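Copied from Swiss-Prot, the annotated features are:
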- H193: active site, proton acceptor (ACT_SITE)
- G17, A18, A19, G20, Q21, I22, G23, N111, Q118, V135, G136, N137: NAD(+) binding site (BINDING)
- R98, R104, N137, R168: substrate binding site (BINDING)
Amino acid sequence: MTMNQGTKQPVRVAVTGAAGQIGYSLLFRIAAGDMLGKDQPVILQLLEITPALKALAGVVMELRDCAFPLLADIVTSDDPLVAFKDADYALLVGAMPRKAGMERGDLLGANGGIFKPQGEALNKVASRDVKVLVVGNPANTNALIAQQNAPDLDPKQFTAMVRLDHNRAISQLAEKTGQPVSAIKNITIWGNHSSTQYPDLSQATVNGQPALDLVDREWYEKEYIPTVAKRGAAIIEARGASSAASAASAAIDHMRDWALGTPEGEWVSMAVPSDGSYGIPEGLIYGFPVRCRNGQYEIVQGLEISDFSRQKMDATAKELEEEREEVRRLGLVK
């Protein structure tokens, strides 16, 4: 690719599980500039397991066939030390899916075998400022495993995705109130990307009006919260496969906001290491309301927490603490 004078230097974006369903929806949008901006060239560094390298070669052929002006180069490998070399951004999508009859402990153990070596590889070879987003489930605890195995990187650089839940929460509220999604601001997803997550409308607005003035409490507690939390299962039921394009879109949103900033006066939901804000145990990778500026995120402070919210926030924190205990027991984190 010829670089015009004055264009930015390419940044390196590593994606794992790159030949999978989410990867297939994600890579073309990153290469088109949807994630880092229409003026930012990218080098894609794609990691797959050895048996999937042939399929990945096909995806690379398609990426090349799009002739994206921003796609400076593509690297493929089954070795994380190659795929993560000097990476500025890393989207950890590849994970072990839950199989029938699998207990949570089995799933955490299987994913530990993926995320521990990936954390170690990021620690060794990635850019010291790498921004890491874990998409592969159980995302919060997988992010914790990777983070704890990368002791030389700032723990704040490891995040997990609750943006899909956040976007689902916006869309469900828009539908209920008959308003466009653009009218909705400041929803929060607290906690784990699991059925214990808490989609919180207490601060949300629709065209500037408090959301909870526009919907009844019964609908909010009994329908809205479970619908958002169980949407993934509903999609599997309907499509026969898990949400891929919407997950990829949420990953792009998460990284774009982190890299380029959130709109003034608005926040989004990201699962980030808790600093003890809102009484959430320190170190858990937990969904919080965040604002982003200059490539950094900060947890929004000073929000009023009702008794209802407190109970929901503590329940999802408890689940994350149990997951952390389990991976400690397995020797995956300290």
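The first residue you see is number 1, and the count goes up from there.
Positions of Cβ are set from backbone N, Cα and C atoms, glycine also.
For the pair R168 (substrate binding site) and G17 (NAD(+) binding site), the C-alpha distance works out to 24 angstrom. R98 (substrate binding site) is 16 Å away from G17 (NAD(+) binding site) when you measure Cα to Cα. Proximity note: of the listed recorded positions (A19, Q21, G23, Q118, H193), H193 have a CA within 10 Å of the CA of N137 (substrate binding site), given in sequence order. Comparing the residue listed as 'active site, proton acceptor' with G136 (NAD(+) binding site), their Cα atoms are 10 Å apart once rounded. Shown in sequence order, T16, P80, F84, L92, A146, N149 are the residues of the chain, 6+ apart in sequence, with a C-beta less than 8 angstroms from the C-beta of Q118 (NAD(+) binding site). Its Cβ taken as reference, G136 (NAD(+) binding site) is surrounded by 26 other Cβ atoms within 10 Å in the chains shown. Per-site Cβ counts within 10 Å over the binding-site residues Q21, N137 peak at N137. Candidate recorded positions: R168, H193. Fewest other C-beta atoms within 10 angstroms, R168. When the binding-site residues Q21, G23, G136 are ranked by how far their Cα is from the Cα of R104 (substrate binding site), G136 comes first. Between the CA atoms of R98 (substrate binding site) and A19 (NAD(+) binding site) there is a gap of 19 Å. Every protein chain considered, the tally of other Cβ atoms within 10 Å of the Cβ of R98 (substrate binding site) stands at 15.
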